[in-house]
Amino acid sequence: MSAFKPYTEALEVLKKYEKKDGLSIDDLIRHNFQGGLTFNDFLILPGYIDFVPNNVSLETRISRNIVLKTPFMSSPMDTVTEDQMAIYMALLGGIGVIHHNCTPEEQAAMVRKVKKYENGFILDPVVFSPQHTVGDVLKIKETKGFSGIPITENGKLRGKLVGIVTSRDVQFHKDTNTPVTEVMTPREELITTAEGISLERANEMLRKSKKGKLPVVDKDDNLVALLSLTDLMKNLHFPLASKTSDTKQLMVAAAIGTRDDDRTRLALLAEAGLDAVVIDSSQGNSCFQIEMIKWIKKTYPKIDVIAGNVVTREQTASLIAAGADGLRVGMGSGSACITQEVMACGRPQATAIAQVAEFASQFGIGVIADGGIQNVGHMVKSLSLGATAVMMGGLLAGTTESPGEYYVREGQRYKSYRGMGSIAAMEGTGVNKNASTGRYFSENDAVRVAQGVSGLVVDKGSLLRFLPYLYTGLQHALQDIGTKSLDELHEAVDKHEVRFELRSSAAIREGDIQGFATYEKRLY
């Protein structure tokens with residue numbers, strides 16, 4: 001038997017190998033023995049760890065001038081991002097892109113709510129009138145998840161406050177037709193505070209009152225805002241919050257189309273304080289989008305333009321040349337999208353990200369992986385291929401902060417979710433030229449051709465729990481790879497220090513759960 005080498009020579013022996021273990025990104029993407037790749041087709045090989053996960057920075061650039069503390073973006077879909085989603089995305093270090101399947105005035109109002117948001121103050125609470133009933137309160141509790149509702153004379157914000165009703169007032173009340181005035185806490189028994197109070201003082205006042213809600217009123221006793229003890233406890237510290245450097249307001253983006261009336265829409269959004277505009281199209285390489293990019297850069301030079309969607313170098317070059325500051329990558333890869341099936345057009349998402357990012361990185365352009373993101377692993381793979389951010393639609397659709405009501409089936413809570421190419425979205429606003437038809441170039445079609453589906457997704461709870469889980473998961477993944485930041489990850493991939501491995505179908509099965517008769521997959 002031949003003698004083994006001394007263990008002290010292991011590192012020297014390793015140097016004799018001509019190539020590092022695994023594949024470089026060039027080997028992975030530019031091979032000629034396999035078609036396009038998606039996330040489950042490969043893995044990232046582990047590196048060397050000499051730091052703890054908490055030391056990993058996820059700071060990233062989503063566009064030429066916007067840097068965030070996390071790479072998270074919410075998709076401009078009407079069942080994903082409105083003002084509540086955008087507020088909490090920004091508080092947690094990401095940014096929300098408010099959909100445009102609504103009137104320009106409604107969209108601008110949502111942008112304004114995000115910009116005016118101050119942690120803890122609820123500026124658009126649900127408000128009831130004295131004519132509402134106990135049944136109405138119970139319905140709000142079931143569909144919205146809360147029941148502390150102020151009562152005003154006209155049932156609107158800035159109406160004269162007459163009382164407040166909470167879950168304690170109605171939980172044992174059997175007659176659902178009873179007016180809320182018979183069970184509510186009347187105005188004279190309420191503790192309120194005056195408009196203009198600082199959050200710190202209001203917080204202290206709410207704590208001392210030992211109440212769950214604190215109404216904020218003006219000099220005429222009209223309701224102007226509401227404070228919630230639960231929200232205040234959640235909102236005390238957001239160290240990652242995405243804020244502008246000058247005004248310290250939360251950052252927000254919004255989507256528009258490429259029609260002439262979208263220029264009027266953008267004027268309202270800019271007036272509301274928009275930080276970035278996303279030109280929303282399934283196929284971005286069009287004369288319409290190029291013309292729109294040039295017009296925006298000339299008219300609103302301080303607003304970053306995120307263009308797309310693209311999946312090829314040629315598309316990418318066209319939009320960069322027009323002036324795009326960031327690009328969305330993906331065509332037909334979204335969970336609610338059937339473009340590849342119906343149109344036979346698109347590209348596997350991993351290959352699309354790698355090809356676009358390789359070209360766009362030469363120009364300092366943000367690259368946003370948009371579609372196909374189902375878990376933390378997919379995010380890590382997107383970022384390792386050159387993406388600087390990930391956009392989530394279906395992954396966020398079931399959260400508390402997404403628009404829409406809850407549905408309960410067989411004891412499980414769901415929320416509605418639909419692709420913007422679905423028939424439901426195309427017909428949802430009752431307006432022929434809505435955001436969905438514009439996105440898929442079908443405004444003038446007599447017959448609709450769906451490129452998406454609609455349905456229900458399981459309730460995921462609050463973004464306040466879900467996004468920190470994603471953030472921590474990414475930190476641990478980068479630790480396994482051996483890189484301390486996203487910039488370091490991209491640099492290590494470019495230098496071929498980070499290595500990859502293709503997976504066979506059997507290898508994919510091996511990486512899945514095996515051997516259990518039953519199991520619970522609890523992620524956080």
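Glycine too: its Cβ is placed from the backbone N, Cα and C atoms.
The domain 'CBS 1' feature in Swiss-Prot is assigned to 121-180.
Swiss-Prot lists 184-242 with the feature domain 'CBS 2', giving sequence analysis as the kind of evidence. Mean model confidence for the domain 'CBS 2' (184-242) is a pLDDT of 84.
The feature NAD(+) binding site is assigned by Swiss-Prot to D280, S281, S282, G330, M331, G332, with sequence analysis given as support. Counted within 10 Å of its Cβ, the other Cβ atoms near S281 (NAD(+) binding site) come to 23, all protein chains included.
Mapped onto three states, the DSSP output places C337 (K(+) binding site) in strand. In the shown protein chains, 25 other C-beta atoms lie within 10 A of the C-beta of C337 (K(+) binding site). The K(+) binding site annotation in Swiss-Prot covers G332, G334, C337, E510, G511 and is backed by sequence analysis.
Annotation source Swiss-Prot lists IMP binding site at S335, D370, G371, G372, G393, G394, Y417, R418, G419, M420, G421, Q451, citing sequence analysis.
The feature active site, thioimidate intermediate is assigned by Swiss-Prot to C337.
Marked as active site, proton acceptor by Swiss-Prot: R439.
Secondary structure of the domain 'CBS 1' (121-180), assigned with DSSP and counted as helix (H, G, I), strand (E, B) and coil, comes to 16 helix, 15 strand, 29 coil. The CA atom of G332 (NAD(+) binding site) is located 8 Å away from the CA atom of G371 (IMP binding site). Rounded to a whole number, the distance between the Cα atoms of G371 (IMP binding site) and D280 (NAD(+) binding site) is 14 Å. DSSP assignment over the domain 'CBS 2' (184-242) gives 20 helix, 16 strand, 23 coil. Residues listed for NAD(+), D280, S281, S282, G330, M331, G332, cover a largest CA to CA span of 14 Å. C337 (K(+) binding site) is 10 Å away from S282 (NAD(+) binding site) when you measure Cα to Cα. Spacing of Y417 (IMP binding site) relative to G330 (NAD(+) binding site) is 19 Å (Cα to Cα, whole number).
The binding-site residues shown are G393, E510, G511; of these, the one with its CA atom nearest the CA of M331 (NAD(+) binding site) is G393.
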